[in-house]
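Inspection log for the structure reproduced underneath, given as structure tokens.
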Amino acid sequence: MGSLNESSKVLVIGGTGYLGKRLVKASLDAGHDTYVMHRPEIGVDIEKVQLLLSFKMQGAHLVSASFDDHRSLVDAVSLVDVVICAISGVHIRSHQILLQLKLVQAIKEAGNVKRFLPSEFGTDPARMGDAMEPGRVTFDDKMVVRRAIEEAAIPFTYVSANCFAGYFLGGLCQPGSILPSRDHVTLLGDGNQKGVYVDENDIAAYTLKAIDDPRTLNKTLYIKPPKNILSQRQVVGIWEKHIGKQLHKTLLSEQDFLAAMKEQDYAEQVGLTHYYHVCYEGCLTNFEVEQDQEASKLYPDVRYTTVEEYLKRYV
């Protein structure tokens, strides 16, 4: 398919979401002709409408299309060189990963898309074949989409961005918390398993760097900034340094975590399973990544936000 040029036309699907709006901004900032797909039936969701209008005022093109209307999807993807999908894969919101199978069909029919980046942006599902129920559904569904992409011979890049900083750092790696306490923290296990934390704006910036890079064609791009590979204890230590105070610490054993998880509803259990694999098993750091697949090595011009810098906003 060859490499793309800097004027590649980009379609973002899910562009009003938590990561999607950052992808739209990164695409515009990079100078791409940017298209944002939205459903025809927005209703009275005023915040979504205002966000779409703000994209338009910044130079983006709004494209009306629906997963329930195959022809509209084909028409939408026919406008661009690159399709980035950021629809939700989070069960506590709306788990929509398999909707992308309709998108794969549309891209295959259109025949013009030079790169497709499906909704991934977390743990690499190809490495989670032994994941626990019920959380493994996220990885299983993403692998179904991957197989469909590859069987359709659609050029792709998968982005594994690990832990969103807003969710993990904001709560000091504690599930169900997105603001750091100044008094107490619960350490998962001994708090020494390392995770990888990435500012969502950096995820978007690295993603847009990758879309026209021949080095990332038909590969997985891992975003693992070296300074952000830290244990929960290290994250807490940085926060304590910022506030000039030691937190009271409680340890939560693996057994107690799993017992508490079983008392939650299905959607909560899915998310907690992911915390379990990251914070008790170290699933993000138990393998090596080739330098030509790691974003901060490929794109040293992107100045990523460190954990220390990120946590300062909460002081």
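Each Cβ is built from the backbone N, Cα and C atoms, and glycine gets one as well.
Going by Swiss-Prot, these are the annotated features:
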type     : residues                                                              : note
BINDING  : GLY14, GLY15, THR16, GLY17, TYR18, LEU19, GLY20, ARG39, LYS48, ARG146 : NADP(+) binding site
ACT_SITE : LYS142                                                                : active site, proton acceptor
BINDING  : HIS274                                                                : substrate binding site
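Around TYR18 (NADP(+) binding site), the same-chain residues six or more apart in sequence whose CB sits under 8 Å from its CB are PHE164, GLY166, GLU200, listed in sequence order.
Counting Cβ atoms from all protein chains shown, the residue listed as 'substrate binding site' has 23 others lying within 10 Å of its own Cβ. Taking every pair among GLY14, GLY15, THR16, GLY17, TYR18, LEU19, GLY20, ARG39, LYS48, ARG146, the residues listed as contacting NADP(+), the largest Cα to Cα separation comes to 29 Å. If you take the C-beta of LYS48 (NADP(+) binding site) and look for same-chain residues 6 or more apart in sequence within under 8 angstroms, you find THR16, HIS38, ILE42. In the three-state DSSP assignment, the secondary structure recorded for THR16 (NADP(+) binding site) is coil. Here the CA atom of the residue listed as 'active site, proton acceptor' lies 18 Å from the CA atom of GLY20 (NADP(+) binding site). Of all Cβ atoms in the protein chains displayed, 22 besides its own lie within 10 Å of the Cβ of GLY14 (NADP(+) binding site). Recorded residues GLY14 (NADP(+) binding site) and HIS274 (substrate binding site) have their alpha carbons 22 Å apart, per Cα-Cα distance. It is 14 Å from the Cα atom of LYS142 (active site, proton acceptor) to that of HIS274 (substrate binding site).
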